[in-house]
Structures are given as structure tokens and as C-alpha cells.
Amino acid sequence: MNRELLFDLLQIPSPSGHEERMKAFLVKYLDVHGIKAQDLGPAGLSWGLGEGDKLAFFSAHVDQVAFVADRIDDEGYIYLKMPGIDPRIAPSQELTVWGKRELVGVVGMRPPHFLSEEEQKAPIPSEKLYVDVGLPGEEVKRLVPVGTVCTWRLEPAGLLGSRVTGVGLDNKAGVFLALLVTEALGSKKLPGRLRFFASTQEEGVMFGAGFAGRSAYKSGESVLFAVVVDTTFGTDHEVKDSAFPLGKGSVLGVGPILSRSHLATMRNIASELSIPYSLEPLTRSTGTEADVLSISGKGIPTILLSIPLRNMHSPVEVVDLDDVESSLKLLSAALQREDLWSS
């Protein structure tokens, strides 16, 4: 398992709508492996394997959650919007502020000495949290326009065994898996063409996946099926319901918008090869790009494969590389099978 590649991905900030650095890295990485990526502009990147009339999609979003500058006061403190982030984890964090030039800031708050007893017991309201970059107000307002994104500044690290932690494992673990699948299948004969997407803005409006689906339909291409790779909730301390243990394999989604026939084929292949997996019941939408791809054009039969992840949308997300490995085995085997392409 190429842990160095995963850590490289984790050290590249890619907040939604600002994925350019990640795209540039992927273009260079794929080029080294003899694969030319197509730049889709703000929708992301695509690249392909195989040949023939049959076409399938493989999508993994590259963006991560981030803070957004909402206003700057006269003293230069930056107040934030926190889409998808629990404000309780923000205090005392170190951030990169991606203004007109890169700035380092810290999330400050009133010291406990100046809080009432009631305030000390309650979570700090997000509107009272601010970023201090250590510059005068006028300069901060010049360098940090409203809407500037801010990302956590933490290095990825290995935990005991096969587990790793880092910022943006949702969904750079999925991007990592997409690259591993690309390498595993690069010299194999596939039943058709497999088009990969490193898609953008999943954490907001799922723009990249929507573009992929619409473009195929408008160009008259018929997509047999799509594979969406993302993360799902790993079992956390005191959180057992609707969560999945780390180290027990990937998670296959089961739901009304997901393809039952392709799921059955994936399960059969996993059983044949003794590859562990779990099932995640999704009674409505999935909260992933599967929601968009499954209704693109005349509809694309969609498979959702997720990697269990702890501490989602925090600076200390955790995955087990054994789950990435088992996902790689399942996907690389399944995507070579005629029965998946004819499900």
C-alpha cells in the first residue's frame, strides 16, 4: 500500500470550489504513469482505461470541507461560516487563510476568565469564533476578501497498525483508491471503457458529478453503470448505530436509487474471493455523488462503495488502510468481470 501517495494527497488543500492544486498534482501523477488526464475546468479531471463500445464511470470527489470568511471587523479579526463543520471543534485550531496571499491564522475566543458560569458550560456560538492572523484591520480587509476559504493546518500521521489520520480523508481516501484501481487495471483487458472522474464540489452542490452525467447524456453516450467511491461513518466511541467498524472491509450501499443488480454482482464477487464487506441501508438519498449520477440523463445504474471513516469533517479523520486494500481487491476484480458490465 502506497502510504506516501496518500500522505501527498492529504497535504494538498482542496476546499470545495478551490481544487486547482489537487488537479495539478493528479495531472502530473497520472502523466508519470503514462495516462493523460482531461481537464474539465471547474468540474474536475477525467481519464480513461480500456476500449470498446461499452462505457462505465468511476467517480471520487477531490474536495474537502473548509471554513469561509464571512466578515472582517475593524481590528482584523475574521469571522467564519462553517459549512458541514461542527463549530465546537473550531476553537484553538490553526488555519491557513487562502487570501490574496497565504496567511496563517488561529481560531481565537474569549478566555474562560471572562465567561460566565453558564457560558462556560455551553458550546461557543460560531458567530463568536474568529481567526486572528496578527495583522492590522485594514491590511486584513485588503488581503482577505469575504468568501476566502480557510483550511486546517495539520500534517497526516500514521497511527498504530494500518490506521492513518489526516485532514480531508473524506474523500482523499477515495481519490487514493481511484489511483490504485487505475494502476491495478492499467495493463488489464477490460470489458469496455472505464472513465474515471476526480470530481469537484461534492461537499456543496455535487457540481463535478452532475457535469459528468449531463455531458455523457448530451453527447449521446450510454453509460452502463457508475461506481461512486466515498467515505461513510466509521464506528466511533459511543456511536454504534449506522456506523461501520474500521478494518472490516468496504461498505456497499443499499437503497432505492442504487442498482440492485450491480450490488448483487458485487456481493457475489466479494463472496467468491472471500473479500470482507458490509452493507449500508440508505432509505432515501445517499448524501453522495450517487444521488446525482443515478438520475443523470435517462438514469445511470449506480454502485456506491464507501470506506469507513472516523471523526468525519474534522481535522483528525481516521481510516484503516486495510479497508482501502480490500476495496481495491474488490473493485479491481469486479471491473474486469463481464457479469458486472452486463448486470
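Cβ coordinates come from backbone N, Cα and C, glycine included.
Some features that TrEMBL has for this protein:
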BINDING   HIS61, ASP170, ASP230  Zn(2+) 1 binding site
BINDING   ASP170, GLU203, HIS313  Zn(2+) 2 binding site
ACT_SITE  GLU202  active site, proton acceptor
Secondary structure at HIS61 (Zn(2+) 1 binding site), reduced by DSSP to three states: strand
Of ASP170, GLU202, GLU203 (the recorded positions), the residue whose Cβ has the fewest other Cβ atoms within 10 Å: GLU203
Any further residue of that chain within 8 Å (Cβ to the Cβ centroid of HIS61, ASP170, ASP230) of the recorded Zn(2+) 1 site: ALA60, ASN171, GLY174, GLU202, GLU203, VAL229, THR231, THR288, GLU289
Pairwise Cα distance for GLU203 (Zn(2+) 2 binding site)/HIS61 (Zn(2+) 1 binding site) [Å, integer]: 9
Among HIS61, HIS313, the most crowded of the binding-site residues [Cβ within 10 Å]: HIS61
Residues that sit under 8 angstroms from ASP230 (Zn(2+) 1 binding site) by C-beta distance, when 6+ apart in the chain: ALA60, HIS61, ASP170, ASN171, GLY174, GLU202, THR288, GLU289, LEU304, LEU305, SER306, ILE307
Coarse DSSP state, helix versus strand versus coil, of HIS313 (Zn(2+) 2 binding site): coil
Shell of the Zn(2+) 2 site beyond ASP170, GLU203, HIS313, same chain only (C-beta within 8 angstroms of their C-beta centre): GLN64, VAL65, GLY84, GLY168, ASN171, MET312
Assigned conformation of ASP170 (Zn(2+) 1 binding site) - DSSP reduced to three states: helix
